[in-house]
Amino acid sequence: MLPSQTPAQGSGRFLLLSPPSLSSHPEKLNAILGLHARESTDLQMLDRLALGLVSLPQSTYDVVLLLTGADNTLAETYRLVSRGVLQGVVNSLKPGGKLRNRDNQIWGSGSDSAAGLGSSDGGGGGGGGEKKSSSEQAFRNEAILAGLVFDDRGELAKPDFGAQQAVPLKLGRKKNLGDSAFGNGTVELPASNGVRVTAGATTTTPTTTTTTTINSSTPSGVRFIDFSDDFGVPMVEETQELDEELIDEEELLGEFDMGRPIVQPPECRPKAGKRRRACKDCTCGLSQKLEAEDRAKRANADKALETLKLGTNDLAEVDFTVQGKVGSCGNCALGDAFRCDGCPYIGLPAFKPGEEVRLLNNDVQL
């Protein structure tokens, strides 16, 4: 019997996922739809799900069936069911819903002879003695990662976590002193000269153990630490501050040390054609030397800029005496209609290229 001729098993709401190749064979698709009740069965195309054109409702279906393609294999189905599509299919299943890889057949039943995608294992989806195809095994792994589990029948099912109930933890009541961890309220200690220690008095008896009665006001399970027993050494208060003498590191250096030249390491010495950068924690003087050079260069640059500054009474002359010499845009001599926005000749009449034009204190002289 072909997979499309397998009768439907169980009841509930079904979702049929069809590969696009099956739509070109309407007789096969209609035969599959005829095996299920139309009012409780939905049909979706896998390629539309993969492209995100349609979405599946949440927690709606009891059984999702992956239909075989036109060649009666699951090769096309496995190729279209990506991780995102499979996660959407799992979300559309109700708790306890089933995912079956053929037309209402459980995992491991039937065969895919055309593509070699799986073989009968006799025991369902848990894996049998015969070798499964890599595509089917990869699909099973993705299904498990998506949240499905194999039930006792070998079917991929969505676990029902709603049946679980929270169990409160009841803490026991306070035990009486007689039922505490100390038993009858005494602790057996090694004997010391046959002395039994009790709550009221100390008596000498020929016993070999010492019994100490626990104070009845002490809660069960509470231990006390005696900090006073330090073998005669007094305890130091935490608030007591130790006097620490601060040492100025500059006082450790004398005049001879301050006048001693700094020995520059060989790796820090400048090399020809390359300026070495100073270390972050430089102590050889290279950092100070480079900073001094930078300051000198900066001062020289500022001094050079000062000499180039022009005052308001200085003459700013643009010489066009060279025949054919024009501005960078080439339109300065053509008039305002052809001049740039920041052209110094805006407002001036057109002049011939080569004509001397002088701007002197905002007075135009041609």
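For all residues, glycine too, the Cβ spot is worked out from N, Cα and C.
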Between 268-284, 302-318, which stretch does Swiss-Prot give the note region 'Fe-S binding site A'? 268-284
Which of these ranges is annotated motif 'Cx2C motif 2' in Swiss-Prot: 60-63, 340-343, 356-359? 340-343
Excluding its own, the Cβ atoms lying within 10 Å of the Cβ of Cys332 ([4Fe-4S] cluster binding site) add up to 23
For the region 'Fe-S binding site A' (268-284), find every same-chain residue at least 6 residues outside the stretch whose CB is under 8 Å from a CB in it, and list them. 262, 290
Is it possible to list how many residues within the motif 'Cx2C motif 1' (329-332) are helical, extended or coil according to DSSP? 1 helix, 0 strand, 3 coil
Quick one: among the binding-site residues Cys268, Cys279, Cys340, which has the most Cβ atoms sitting within 10 Å of its own Cβ? Cys268
Nearest to Cys343 ([4Fe-4S] cluster binding site) by C-alpha distance, among the binding-site residues Cys268, Cys279, Cys282, Cys284, is Cys279
